[in-house]
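S.K.: Have a look at this one.
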Amino acid sequence: MPPILILLTLLLPLRAGAEEIIGGHVVKPHSRPYMAFVMSVDIKGNRIYCGGFLIQDDFVLTAAHCKNSSVQSSMTVTLGAHNITAKEETQQIIPVAKDIPHPDYNATIFYSDIMLLKLESKAKRTKAVRPLKLPRSNARVKPGDVCSVAGWGSRSINDTKASARLREVQLVIQEDEECKKRFRYYTETTEICAGDLKKIKTPFKGDSGGPLVCDNQAYGLFAYAKNGTISSGIFTKVVHFLPWISWNMKLL
């Protein structure tokens with residue numbers, strides 16, 4: 001997709017159902033080289049855009065709800081971006097050859113909200129484009145651990161447009177039992193709860209699929225936050241889906 005089309009979509013309000021960063025700060029340009037800007041467009045021109053992250057030169061992980069429900073839709077991934085509204089020399093725009101939502105994905109409760117994207121061509125590794133490591137199968141995060149999530153989301157609750165520049169916020173891993181009280185369908189087996197109960201800091205609109213980074217590894221990807229309660233968000237637990245990710249990458 002030509003860069004100008006991406007610029008035009010960012011002039012539009014965020015689509016309901018996407019998620020964005022609330023709070024946080026603008027990161028040093030290209031200091032998060034794994035970040036991907038994911039766009040899904042159907043035949044009528046309806047767009048969904050999300051975050052995602054490069055895990056191999058030709059594979060990106062994002063949220064399953066970032067896929068347009070229309071059968072006739074296309075997806076593109078932009079890598080190496082900092083200011084998504086600018087035509088940066090570092091950017092690599094690559095069409096998606098195949099999207100693979102998890103077969104157990106439930107759009108109502110965001111269960112198994114994870115999707116693997118196979119790119120049409122391999123990304124060229126540069127200082128602005130590099131994969132993010134996945135954790136080992138026995139790796140865990142615990143309550144109190146501090147992680148981060150980045151994206152091009154809004155800077156405030158009332159802002160309906162995406163941020164031009166990549167922003168990041170630090171989040172604290174929360175107790176599972178506390179999150180079960182606030183999120184009816186929260187499942188600790190497949191999800192991680194992170195945020196800050198005392199501050200308004202969380203992903204919320206326009207940044208679904210962005211990685212929860214702990215110790216330079218992707219432990220989660222952003223799935224959803226509770227309307228009216230944005231002190232924390234729910235992330236799909238990457239460790240739980242490692243066998244599924246590995247299997248599909250070998251098949252393609």
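Counting starts with 1 at the first residue shown.
Any Cβ shown, glycine's included, is placed from N, Cα and C.
Straight out of Swiss-Prot:
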| type | residues | note |
| --- | --- | --- |
| ACT_SITE | H65 | active site, charge relay system |
| ACT_SITE | D113 | active site, charge relay system |
| ACT_SITE | S208 | active site, charge relay system |
| DISULFID | C50-C66 | disulfide bond |
| DISULFID | C147-C214 | disulfide bond |
| DISULFID | C179-C193 | disulfide bond |
| DOMAIN | 21-250 | domain 'Peptidase S1' |
| CARBOHYD | N68 | N-linked glycosylation site |
| CARBOHYD | N83 | N-linked glycosylation site |
| CARBOHYD | N106 | N-linked glycosylation site |
| CARBOHYD | N158 | N-linked glycosylation site |
| CARBOHYD | N227 | N-linked glycosylation site |
S.K.: Give me the Cα-Cα distance between C147 (disulfide bond) and C50 (disulfide bond), rounded to a whole Å.
M.R.: 20
S.K.: Restricting to the domain 'Peptidase S1' (21-250), report the mean pLDDT as a whole number.
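M.R.: The average pLDDT of the model in the domain 'Peptidase S1' (21-250) works out to 89.
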S.K.: Express the distance between the Cα positions of N106 (N-linked glycosylation site) and H65 (active site, charge relay system) as a whole number of Å.
M.R.: 9
S.K.: With the cut-off set at 10 Å between Cβ atoms, which of these recorded positions ends up with the most neighbours? Options: N68, D113, C147, C179, S208.
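M.R.: Of the recorded positions N68, D113, C147, C179, S208, the most buried by Cβ count within 10 Å is S208.
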S.K.: If I take the alpha carbons of D113 (active site, charge relay system) and C179 (disulfide bond), what is the distance between them in whole Å?
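M.R.: The separation of the Cα atoms works out to 18 Å.
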S.K.: Say you check the Cα of H65 (active site, charge relay system) against those of the recorded positions N83, C179, S208, C214; which is nearest?
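M.R.: Spatially nearest to H65 (active site, charge relay system) by Cα position is S208.
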S.K.: Ten-angstrom check, please: count other Cβ atoms within 10 Å of the Cβ of C50 (disulfide bond), all chains counted.
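M.R.: Other Cβ atoms found within 10 Å: 30.
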S.K.: For C193 (disulfide bond), which residues in the same chain are close in space, meaning a Cβ under 8 Å from its Cβ, but six or more apart along the sequence?
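M.R.: For C193 (disulfide bond), the qualifying residues are I173, Q174, E175, D176, E178, C179, F183, Y186, S232, G233, I234, F235.
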S.K.: Cα distance, N83 (N-linked glycosylation site) to N68 (N-linked glycosylation site), nearest Å?
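M.R.: It is 24 Å, counting Cα to Cα.
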